[in-house]
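Read the structure below first, then the notes.
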Amino acid sequence: MTVKTPVYLDYAATTTVDKRVAEKMIPYLTETFGNPASNSHAFGWEAEEAVEKARADIAALINADPKEIVFTSGATESDNLAIKGAANFYKTKGKHLITVKTEHKAVLDTMRELERQGFEVTYLGVQENGLIDLEELKAAIRDDTILVSVMWANNEIGVVQDIPAIGEICRERKIVFHVDAAQACGKVPVDVEAAKIDLLSMSAHKVYGPKGIGALYVRRKPRVRLEAQMHGGGHERGFRSGTLPTHQIVGMGEAFRIAKEELEQDMAHYRKLRDIFLKGIEGIEEVYINGDLEHRVPNNLNVSFNFVEGESLIMAVKELAVSSGSACTSASLEPSYVLRALGRNDELAHSSLRITFGRMTTEEEVQFAAELIKSKIGKLRELSPLWEMFKDGIDLNSIEWAAH
């Protein structure tokens with residue numbers, strides 16, 4: 001089997017722009033170049049029409065009203081606008097916020113910033129499977145709690161939280177509920193009405209759209225208020241000033257339209273690839289799947305291989321584009337904070353690979369990846385004195401290493 005290498009298996013970091021999306025974008029860079037805010041001539045009207053069509057397509061994927069979609073530069077900005085915007089608007093009602101230890105840095109660092117501004121944040125832990133305990137969430141809610149932020153699907157381990165149940169808890173107590181859905185859109189059904197979500201962050205480049213464009217869903221009924229974080233010409237109903245990049249918005253709209261249309265077949269494709277990969281690595285000993293396999297986006301596998309050094313593993317499989325830890329932070333050699341939150345030890349957290357499949361991934365590529373990983377794990381373990389000791393039945397935890 002000849003597979004063109006390197007094989008891209010890092011679709012949770014970014015996706016290719018679908019050819020249909022790129023084609024749709026090009027005219028808005030050349031011919032239809034007007035500013036959508038120019039309402040006195042045809043160039044502006046045409047651009048505005050394209051923006052509104054995209055807004056409707058994005059809203060359709062998440063079952064929202066187009067008027068509830070606010071364009072941003074991506075999910076990081078959407079997270080910032082949602083969390084800071086809501087916290088600043090509702091701070092007279094209370095200054096307590098709740099989130100989860102395994103959230104994306106865009107949420108965690110925003111929360112840290114609000115702590116510096118005098119807000120109090122509760123960081124919920126997760127169970128071994130990566131899911132939060134709903135009873136723990138209920139217990140954390142106080143009279144002065146104004147916002148809960150929980151991601152739909154985790155960027156590292158792909159675990160899907162019980163968002164409708166959390167939405168129910170928040171709605172009952174009149175608490176604003178924000179969801180980072182960057183990794184969920186186009187991979188699992190997303191319905192803001194059914195899940196009682198107030199604010200939802202989205203990104204185009206995780207859904208075969210262009211980078212640098214995202215959106216924030218802001219509920220109108222019951223209305224959720226935000227304080228703007230970007231000031232200027234009052235674009236996007238005052239929520240987010242700045243000239244709209246028509247070509248990127250058109251790209252995001254088309255990407256979300258295709259995602260809605262092809263969701264079922266995409267999900268089936270991902271499941272098939274996941275099963276092929278799992279079957280391919282079946283024989284390897286001391287393999288740990290990180291995160292719940294049931295409650296999970298179908299295109300994500302995060303696997304730890306005991307007695308293998310993470311960095312040497314990445315180097316050994318250089319024919320594969322995969323990541324260890326989250327791409328935003330994989331430049332640091334710190335073990336993944338998400339895996340640590342699951343209770344994984346440093347060794348297992350270090351030896352993890354995140355393998356994420358995409359629309360363009362083939363069965364042959366996945367077969368190749370599984371076989372390559374299997375053979376490299378074998379070779380690396382042959383070199384490992386720890387593996388040898390483990391195979392000899394020595395309990396490595398009982399060894400007292402000499403301090404140098």
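Even glycines carry a Cβ here, placed using N, Cα and C.
Annotated in Swiss-Prot:
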BINDING   Ala75, Thr76, Asn155, Gln183, Ser203, Ala204, His205, Thr243  pyridoxal 5'-phosphate binding site
MOD_RES   Lys206  N6-(pyridoxal phosphate)lysine
ACT_SITE  Cys328  active site, cysteine persulfide intermediate
BINDING   Cys328  [2Fe-2S] cluster binding site
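Feature map: Swiss-Prot annotations on the structure.
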residue: Ala75; record: pyridoxal 5'-phosphate binding site; contacts (Cβ under 8 Å, 6+ apart): His104, Ala106, Asp180, Ala182, Ser201, Met202, Ser203, Lys206, Gly214
residue: Thr76; record: pyridoxal 5'-phosphate binding site; contacts (Cβ under 8 Å, 6+ apart): Ala106, Gly214
residue: Gln183; record: pyridoxal 5'-phosphate binding site; contacts (Cβ under 8 Å, 6+ apart): Ala12, Met151, Trp152, Ala153, Asn154, Asn155, Gly158, Lys206, Val297, Asn300
residue: Ala204; record: pyridoxal 5'-phosphate binding site; contacts (Cβ under 8 Å, 6+ apart): Gly74, Pro210, Lys211, Ile213, Gly214, Gln248, Gly251, Met252, Ala255, Phe256
residue: His205; record: pyridoxal 5'-phosphate binding site; contacts (Cβ under 8 Å, 6+ apart): Thr14, Thr15, Val17, Gly74, Lys211, Gly212, Ile213
residue: Thr243; record: pyridoxal 5'-phosphate binding site; contacts (Cβ under 8 Å, 6+ apart): Asn35, Pro36, Ala37, Gly233, His235
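Other Cβ atoms within 10 Å of the Cβ of Asn155 (pyridoxal 5'-phosphate binding site) number 26 in total over all chains. In the three-state DSSP reading, Thr243 (pyridoxal 5'-phosphate binding site) counts as coil. Lys206 (N6-(pyridoxal phosphate)lysine): 28 other CB atoms within 10 A of its CB, across all protein chains.
Taking all protein chains in view, 27 other C-beta atoms sit within 10 angstroms of the C-beta of Ser203 (pyridoxal 5'-phosphate binding site).
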